[in-house]
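Noted in TrEMBL for the protein shown:
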REPEAT    30-64  repeat 'PPR'
REPEAT    65-99  repeat 'PPR'
REPEAT    100-137  repeat 'PPR'
REPEAT    138-172  repeat 'PPR'
REPEAT    173-207  repeat 'PPR'
REPEAT    208-242  repeat 'PPR'
REPEAT    243-273  repeat 'PPR'
REPEAT    296-330  repeat 'PPR'
REPEAT    331-365  repeat 'PPR'
Amino acid sequence: MLVLQLSKSSRADSAFESFHRSCDYGYKLSSLSCNPLLNLLIKNGRIDDAETVFKVMVRRKFAPNLITFNTVINGLCKAGKLRRAVDLVEDMKSWRVSPSVVTYNTLIDGYCKTGGAERMHKADIVLKEMVEAGVWPNVVPFNTLIDGYYKDENYSAAMRIFEEMRRQNVSPNVISYNSMISGLCSEGKVEEALHMFEEMKVDGLLPNVVTYNAIVNGFCKKGMLVEAKTMFEEMPDRDLVLNEVTYNTLIDGLCRLGKMEHAIEMKRVMMEKSDGEVVKAVKLLDEMVEIGVRPTYVTYNTLIDGFCEKDNLRAAFNMRARMEKDGKQANVVMYNVLVKCLCRKDKLEEANSLLNEMLERGLVPNRVTYDIIKDEMT
């Protein structure tokens, strides 16, 4: 039980040590205690330690269950140890544990994230094996394969997977359509993308800002600025918030066609919109102070998170400066939000500097911090 409690408290070192001591004293631990430890070690990027725990479980017959296998397979895939992950799926049979949808989805995701024709082919094979095993796939592996094939610029394979999804009676969701529309636009097939855009609506799905951005980008690449602007102007009517990606896509298209005056005007509109959001946020804080309500960490974190969601880094850091002027030092939650936003904009050096600043201030990274480092910075 001590291993379980320490794992639930995110005390990885203590839980790992307690696990080994329990084994040394001859205690037989259950998967109930070991699974949370495996999960914690993997979330902290300690894949080798997780493998050690798993091997001890197998050697001492601690009866790993489906959650045990799925947890370790997930960790191995994230670490790029795909051969070992595949071997582990085979090992499941000797323990009379059947791979689940999650097991297969994890393997497919692992292959697709590493990319390349050979890995994508293997991901495709896993999907076929999944169906042959009587484990019916949901929309997740299809979306993963479609996205992987488009990133690998294998457009025909992506279309094949989309059609296979239909044959398997799996309904495409917004993510499925967005991947297809984005891929078709990248390939210059805007007419086909528009057809899929209409098909999406017939299926009862509402296009979101990602959908519109993809089509605006497709029009711009083809030099169809009138159509791009029409789509751009349609977004507010659909209650969609124009973000920085939307504006920059249109600005880039205008610049490429030499329409610099229009591009400058669009940039001005974007900056005014951004500044307007800042004014509203500052006004909200001022009103709170006027009625005697002191802004809390939650207030500042919420506002900064909102700015980061809209990719308004300048406003986010200005709000942080105001908070610190108010006598509140940035906490781990705020650093996580800012670091993730910087990573999303490919400002990895600035993100790393911010992490170092956090450590210098004596703040301890939490699980979210480690997830950001693992997913965004490696």
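Cβ coordinates are placed from backbone N, Cα and C, and glycine is handled just like the others.
All annotation found in TrEMBL is predicted automatically rather than curated by experts.
Because the structure is a prediction, the values reported are computed rather than measured.
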**OP:** Verify whether three or more Cβ pairs under 8 angstroms connect the repeat 'PPR' (173-207) with the repeat 'PPR' (243-273), leaving out any pair fewer than 6 apart in sequence.
**Re:** no
Original post:
So, by DSSP, how many helix, strand and coil residues make up the repeat 'PPR' (65-99)?
Top reply: 26 helix, 0 strand, 9 coil
Original post:
What average pLDDT is reported by the model for the repeat 'PPR' (243-273)?
Top reply: 75
Original post:
Mind checking how the repeat 'PPR' (30-64) divides into helix, strand and coil residues in DSSP?
Top reply: 26 helix, 0 strand, 9 coil
